[in-house]
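K.L.:
From TrEMBL, here are the annotated features:
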type	residues	note
SIGNAL	1-25	signal peptide
TRANSMEM	277-299	transmembrane segment
TRANSMEM	341-367	transmembrane segment
TRANSMEM	373-393	transmembrane segment
TRANSMEM	414-434	transmembrane segment
TRANSMEM	446-469	transmembrane segment
TRANSMEM	490-523	transmembrane segment
TRANSMEM	529-557	transmembrane segment
TRANSMEM	569-588	transmembrane segment
TRANSMEM	600-628	transmembrane segment
Amino acid sequence: MRAPAMLRCAAALAVLLAVAAPAAGFYLPGVAPSDFAKGDPLQVKVNKLTSIKTQLPYTYYSLPFCKPATIVDSAENLGEVLRGDRIENSPYVFQMREPKMCQIVCKATIDEKAAKEFKEKIEDEYRVNMILDNLPLVVPIARQNRNSIAYQGGYHVGAKGQYAGSKDEKYFIHNHLSFTVKYHRDDDSELSRIVGFEVHPYSVKHQFDDKWNGADTRLSTCDPHASKFVTNSDSPQEVEAGKEIIFTYDVRFEDSEIKWASRWDTYLLMTDDQIHWFSIVNSLMIVLFLSGMVAMIMLRTLYRDISRYNQLETQEEAQEETGWKLVHGDVFRPPTNSDLLCVYVGTGVQFFGMLLVTMIFAVLGFLSPSNRGGLMTAMLLVWVLMGLLAGYTSSRLYKMFKGSEWKKITLQTAFLFPGVAFVIFFILNALIWGEKSSGAVPFTTMFALVLLWFGISVPLVFVGSYLGFKKPAMEPPVKTNKIPRQIPEQAWYMNPIFTILIGGILPFGAVFIELFFILTSIWLHQFYYIFGFLFLVFVILIITCAEITIVLCYFQLCSEDYMWWWRSYLTSGSSALYLFLYAAFYFFTKLQITKVVSGILYFGYMLLASYAFFVLTGTIGFCACFWFTRLIYSSVKID
């Protein structure tokens, strides 16, 4: 008897390998360039305040900074809102290629409440994020022992320090900003394009001799007429209630050879690409090791077993044989909690489709950082559309298990994982809202998420389930006995818990180096744009999950243990446990989070990420093992 068509998710793995060639990503800007003539106004926009110590973003105007006459919110996509971005206009307005020195923005007298807020933000090392022509503001920092410059996103609100001869710690605010706008000029048209936006912040206790006259006041500490410019913070501005703070800025324009299409290279430059190549080589070694084991099983052991079984002449000879053929009458017996297995496999296929499509677009450059929130928005929309595959896969597997209530399995597929994720997200969002952070998702956005779920995802799951259930059930290659066979006592190394935990180590080992960079980009607010490496690691993860599950499944069947359904899912899915443990290790060794709420947010989101990783890797392992068992049992003659 020959094996029928393989499970569709196995075919999807083959498709992924076929498209793995374009692994080196390139940049597609995603926005049209803007040309500026000399003197054209340049509007600086302000974004959220961020801190790697609290992970709680706040709006720029949550602190008493200088405000424009009217605050205008910029239109934001779904991904930007979920990221906590709040983009607004600012009182900083430049004129293209027209330098300004010692420009006064405003003078503010801070009260007790404002002083406390400033001190808290300085204590938590909050940074101010600004945007000019869609480029984020950066602070250039010279690397030690290297002839290169690193760039820090945004500038710190202020700093803590001590006066000479004093042990009392004071808080100082960065109230003078020295901007540098880099531009690339077209020699033919004299039009320019912005290719860089940098700042050097200073804390300066400004003085003025005459009476205050608004922006026209002449400062004695910063006077372009007297060629006196701010170059240091030797006389810093202290944050204390009742004190006046004068906010000022300089702006200079610098001609650059950098072209507009390459202006993001500075932000996305990876100086440690050798580590990524080491990660790829390390993962490939694991894959080669597993591939060798699978090849040995498939080409030597299985071929020998199948040939010997097919040459048996008498029933007595067959009864004397041991190994995986003896359990042919039970190997396709439906497992316990088969409904739940169908739901998880369907959800895993949905995840697989989402990651595959999103990563292909990311590798091609369509989800570049210039399109803020584009990656998160794309992932949400593709996830919703992939509900069709989830419903189809779960219903096909459910019908093979002789299930008849397809609507029940459809509802479970549509609501189990999204429901758990939504509950965790809602609780974490309530904590963020309690901290009055801009990272809290507003009610309208929450309503939009629910609308995507109930209005698009759930109907698509039902459509997929209906289509899958209409098709004929997949028939196993061998018949199932009515009475289950007794499983013999297993050796200690075939204990389910032991094999499951061992099976998750190699898939995690294939990705843990890249995982470090992903966690760094998320929690330390750095750019991640090495999707070529990530795509290769994703392919290696798929191969590793499939191969380790096949190897352990074969050993299990040779031990005459036919309860492989759930174990195949948990074998590769257990890598999620190591992911969560690594996330905990990263928290205590790399992050400086001290607030309880921030710690809860970190572990809450990492728990959700680990759960999703479990569903994905478990489904990959299950699909590989399902294909493997159908293949080997369809290749032998059963008397």
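The backbone N, Cα and C atoms fix where each Cβ goes, and this holds for glycine too.
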K.L.:
Within the same chain, where does the transmembrane segment (414-434) have neighbours whose Cβ lies under 8 angstroms from its own Cβ atoms, ignoring anything closer than 6 residues to its ends? I mean 6 or more beyond.
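P.N.:
The answer is 56, 343-344, 347, 387, 390-391, 440-441, 446, 449-450, 453, 457-458, 461-462, 597, 600-601, 604-605, 607-608, 611-612, 615.
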K.L.:
Mind checking which residues reach the transmembrane segment (490-523)? Cβ under 8 Å, same chain, six or more beyond either end.
P.N.:
52, 55, 275-276, 278-279, 282-283, 286-287, 290, 530, 533-534, 537, 540-541, 544-545, 548-549, 552, 555-556, 559, 561, 567, 570-579, 582-583, 586, 590-591, 602, 617, 621
K.L.:
Considering only Cβ pairs within less than 8 angstroms, which of the stretches 529-557, 569-588, 600-628 has the most against the transmembrane segment (341-367)?
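P.N.:
The listed stretch sharing the most Cβ pairs with the transmembrane segment (341-367) is 600-628.
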K.L.:
For the transmembrane segment (569-588), find every same-chain residue at least 6 residues outside the stretch whose CB is under 8 Å from a CB in it, and list them.
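P.N.:
Cβ under 8 Å, 6 or more out: 341, 344-345, 499-501, 503-505, 507-508, 512, 515-516, 519, 523, 545-546, 548-549, 552-553, 599, 602-603, 606-607, 609-611, 613-615, 617-622.
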K.L.:
Who are the chain neighbours of the transmembrane segment (600-628) in space, where the CB to CB distance is under 8 Å and they lie at least 6 residues beyond its ends?
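P.N.:
Distant contacts of the transmembrane segment (600-628): 6-7, 9-10, 13, 55-56, 341, 344-345, 347-349, 351-352, 355, 417, 420-421, 424-425, 427-428, 431-432, 503-504, 507, 523, 541-542, 545-550, 553-554, 564-565, 568-577, 579-580, 583-584, 587, 591, 593.
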